Amino acid sequence: MAIQIVLIVGPTASGKSKLAVDVAKEFNGEIISADSMQVYKYMDVGTAKITKEEMQGIPHYLIDIVEPDQEFSVAEYEKRAKEIIKDIYKRGKLPIIVGGTGLYINSIIYIMHFSDFEGSKEFREKMKELANTYGSQYLYEKLKSVDPEAAKKIHPNDIRRIIRALEVYEFTGKPISYYQKMSGMRLNPEYQPIMIGLNFRDRQILYDRINQRVDEMIKNNLVEEVVNLLKIGYNKDSTAMQALGYKEIVEYLKGEISLEEAIEKIKKGTRRYAKRQITWFKGYDFIKWFFVDDYKNYEELKKNIIKYLAGKLNF
């Protein structure tokens, strides 16, 4: 029998983490993160990582599992997440996957054709050298020429994902977008996914929440977090330091831009990222959208989502 899994997706700053905890409390669940930046240790503020207090005793998995200079592939995520789902299910609990990284979500619910693809560390190092010499835009243009479809979904500064897409093309002869489409045709029969999407009818409300979150990150010592990462020995080329919110602070610390400019760049980049996330999740035809601004308050939103899930789950 297929394992029922609840997936809570949506753009950054939409309230997914809080909702996941409430759903877990209601249905005896445990939570698996699907966030490609929260896998990294020592990066709490800039990734808006859930705190121990906010977890309210609910077990959370795939958070704080790798060093900031380590690579963590979709294949590795898929392997670990599926093992954890099985374990949660065996213990009679509900697996809840929460996050905004579309490829991580896909690796669970679809049969991914490129998930076993390991690639080449040598190739990745070579690409990083090119990026250091000519800038990330150089690699982005390269990707646009071989896989324009994938390039549309990847930010020009997201070196990690640009290199991954180039690597898949280099070693399989087919663009990564081809495999993503292929995977979309076949849902994984091991699971019965029940997907909740959080969104806003008024996009400006989401953008205001993003701006507020970035301001809070600065108040909560994001700059100090980046300084500490650099002190430990991680540099601007470390895998995780390429992330939105970190690379801009590194630019500020190097005197290339002011703090105000760094904050504005983070806000703008995050708003763009949220827009791309919404586009991605709209591609799931089985998603049930809940618009946060349709409800008087969070309690009313939560009540409606729990009612919807109660009608779907065998729990």
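Cβ atoms are placed via backbone N, Cα and C, with glycine included.
What Swiss-Prot says about this protein:
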{"type": "BINDING", "residues": "G10, P11, T12, A13, S14, G15, K16, S17", "note": "ATP binding site"}
{"type": "BINDING", "residues": "T12, A13, S14, G15, K16, S17", "note": "substrate binding site"}
{"type": "REGION", "residues": "35-38", "note": "region 'Interaction with substrate tRNA'"}
{"type": "SITE", "residues": "T101", "note": "site 'Interaction with substrate tRNA'"}
{"type": "SITE", "residues": "R124", "note": "site 'Interaction with substrate tRNA'"}
Residues sitting near the region 'Interaction with substrate tRNA' (35-38): Cβ under 8 Å, six or more positions beyond its termini, same chain?
-> 46-47, 49, 62-64, 72, 77, 99-101, 103-104, 240, 243
Three-class DSSP assignment, G15 (ATP binding site), comes back as coil
Residue pair R124 (site 'Interaction with substrate tRNA'), A13 (ATP binding site) - Cα distance, angstrom, rounded | 31
How does the region 'Interaction with substrate tRNA' (35-38) divide up by DSSP, counting helix, then strand, then coil residues?
-> 0 helix, 0 strand, 4 coil
Between the recorded positions K16, R124, where is the Cβ count within 10 Å the lowest?
-> R124
All chains considered, the count of other Cβ atoms within 10 Å of the Cβ of T12 (ATP binding site) is 20
For R124 (site 'Interaction with substrate tRNA'), just give me the three-state DSSP call.
-> helix
Looking at the binding-site residues G10, P11, G15, the one with the fewest other Cβ atoms inside 10 Å is G15
Among T12, A13, G15, which are recorded as binding-site residues, the nearest neighbour of T101 (site 'Interaction with substrate tRNA') by Cα = T12
Looking at Cβ-Cβ distances, which residues of the chain lie under 8 angstroms from S17 (ATP binding site) while being 6 or more apart from it?
-> A48, I50, E54, V98
So which other residues, same chain and not among T12, A13, S14, G15, K16, S17, have a Cβ within 8 Å of the centroid of the Cβ atoms at the substrate site?
-> G10, P11, K18, A48, G100, L198
